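What TrEMBL annotates here:
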- LYS191: active site, proton acceptor (ACT_SITE)
- GLY8, SER9, GLY10, SER11, TRP12, GLY13, ALA140, ARG255: NAD(+) binding site (BINDING)
- SER11, TRP12, ARG32, ARG33, TYR49, LYS106, ALA140, ARG255, GLU281: NADPH binding site (BINDING)
- LYS106, GLY136, LYS191, ASP244, SER254, ARG255, ASN256: sn-glycerol 3-phosphate binding site (BINDING)
- LYS106, ARG255, ASN256: substrate binding site (BINDING)
- 4-157: domain 'Glycerol-3-phosphate dehydrogenase NAD-dependent N-terminal' (DOMAIN)
- 180-320: domain 'Glycerol-3-phosphate dehydrogenase NAD-dependent C-terminal' (DOMAIN)
Amino acid sequence: MTSVTVYGSGSWGTAYAAILADAGCSVTMWSRRAEVARAINEEHINSAYLPELVLPQRVRATDDPHEAGAGAEIVVLAVPSQTLRDNLVVWGDAIEGEAVVVSLMKGIELGTTKRMSQVIEEAGSVDPQRIVVVSGPNLAPEIAAKQPAAAVVASVGKNARAKVAEASATPYFRPYTNGDVIGTEIGGAVKNVIALAVGMAKGMGMGDNSMASLLTRGLAETARFGVRLGADPQTFLGLAGVGDMVATCASPLSRNNSFGFKLGQGMTLAEVVADTKQTAEGVKSCESILALARSVGADVPIVEAVEAVVHEGRDPKDLVSLLMTRALKHERS
Ligand SMILES: NC(=O)C1=CN([C@@H]2O[C@H](COP(=O)(O)OP(=O)(O)OC[C@H]3O[C@@H](n4cnc5c(N)ncnc54)[C@H](OP(=O)(O)O)[C@@H]3O)[C@@H](O)[C@H]2O)C=CC1
Ligand SMILES: O=C(CO)COP(=O)(O)O
């Protein structure tokens with residue numbers, strides 16, 4: 001039985017722990033709060049995040065990061081992206097030397113503009129051959145309800161990605177392996193920002209034409225940007241690209257989409273932040289994504305417009321003029 005540790009007991013960490021257990025792994029979760037670990041052990045429920053999900057008995061939890069990591073063959077990281085580096089400093093020696101390290105996170109680090117796999121390599125001293133990124137259309141509440149979904153399991157390490165795919169394949173979760181870590185991570189991070197834009201548009205009363213236009217042009221700028229970083233353009237036609245873009249932009253379950261919706265409806269940024277209990281990665285990552293895109297000369301107008309609303313105090317209504325009055329251009333330029 002493969003032994004797996006999941007650091008992070010939020011929505012996705014918890015749903016992914018259930019996948020791993022259903023696939024036959026023995027799973028230990030690290031919870032930041034002792035009461036969350038206690039409830040998982042005694043009631044098999046994580047009520048703050050996924051109250052409907054009854055976790056399998058073989059999922060255990062602890063708030064001690066060293067106890068959590070002991071003996072794990074696979075270590076899964078599922079905390080907010082901006083906290084990863086500091087956490088890895090604390091957890092570093094808890095992660096076994098040969099363990100495969102999986103990122104579930106969809107963000108870009110502020111300041112360094114690094115992808116999560118790069119942060120794991122640097123701060124966790126992990127060989128890229130052992131780093132795996134899991135991404136795709138995977139809204140945690142739907143996965144927790146065991147609704148069928150597929151995902152990409154990307155790594156430059158063939159053994160590592162095969163091991164993680166094997167460890168997380170269930171009748172309701174189908175992993176596909178891929179070697180394109182850059183494209184997989186960029187797809188996951190940028191779609192959160194596009195979902196913020198779509199949410200704002202919906203919140204302002206716009207319909208499906210606006211949503212589809214933002215989604216499609218959002219995918220175009222994601223691919224243009226990703227390719228500048230060295231991604232395979234085909235990745236953006238797959239689960240970590242169009243797949244996740246569609247799920248996140250279409251679903252009210254998406255925290256980024258909902259965050260944008262509330263802004264579009266007229267709530268202030270401070271009000272929406274106070275009203276949002278879970279992680280909406282695009283809110284912070286739009287800034288680092290924009291910085292990274294500018295550093296490689298990629299034009300990302302939707303990301304730029306979202307960043308102007310979220311970080312520079314522009315009114316969401318300005319989104320329309322910011323995007324619609326730009327110089328005309330070829331669809332594929
Ligand atoms: N939810 C989803 O549907 C999906 C999410 N993802 C990605 O997974 C990642 C994790 O998201 P998700 O689980 O949804 O987030 P949640 O907001 O649901 O949970 C965050 C988890 O991280 C913990 N946490 C918060 N701050 C810190 C910190 N400073 N140090 C350590 N732990 C901390 C929280 O603990 P506490 O409860 O104590 O606050 C909680 O366990 C994100 O990058 C997200 O984009 C990817 C695919 C699907
Ligand atoms: O990444 C996700 C679905 O694939 C979850 O999106 P949100 O973080 O916006 O909820």
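Cβ coordinates are placed from backbone N, Cα and C, and glycine is handled just like the others.
Because TrEMBL annotations are produced automatically, they should be read as predictions rather than curated entries.
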Distant-in-sequence Cβ neighbours of ASP244 (sn-glycerol 3-phosphate binding site), under 8 Å, six or more positions away: SER135, GLY136, PRO137, ASN138, GLY187, GLY188, LYS191
Cα proximity to SER11 (NAD(+) binding site), best match among binding-site residues ARG32, TYR49, LYS106, SER254, ASN256: TYR49
DSSP-derived structure type at GLY10 (NAD(+) binding site), helix or strand or else coil: coil
Annotated binding-site residues GLY10, GLY13, ASP244, ARG255, filtered by Cβ under 6 Å to ligand 2: ASP244, ARG255
Annotated binding-site residues SER9, TRP12, ASN256, filtered by Cβ under 6 Å to ligand 1: SER9, TRP12
Rounded Cα separation (Å) that holds between ARG32 (NADPH binding site) and GLY8 (NAD(+) binding site): 7
LYS106, SER254, ASN256, GLU281 filtered to the binding-site residues whose C-alpha is within 10 Å of GLY10 (NAD(+) binding site): none
Average pLDDT across the domain 'Glycerol-3-phosphate dehydrogenase NAD-dependent C-terminal' (180-320), rounded to a whole number: 97
Helix, strand or coil at ALA140 (NAD(+) binding site) [DSSP, three-state]: helix
Summary of DSSP states over the domain 'Glycerol-3-phosphate dehydrogenase NAD-dependent C-terminal' (180-320), given as helix, strand and coil counts: 109 helix, 0 strand, 32 coil
Binding-site residues near GLU281 (NADPH binding site), in sequence order, restricted to TRP12, LYS106, ALA140, ARG255, ASN256 and a 10 Å Cα cut-off: LYS106, ARG255, ASN256
TRP12 (NAD(+) binding site), number of other Cβ atoms within 10 Å: 26
When distances run from the Cα of SER9 (NAD(+) binding site) to each of the binding-site residues TYR49, SER254, ASN256, the nearest one: TYR49
Residues near TYR49 (NADPH binding site) in space but at least six apart in sequence (CB under 8 A): SER9, GLY10, SER11, THR14, ALA140, GLN278
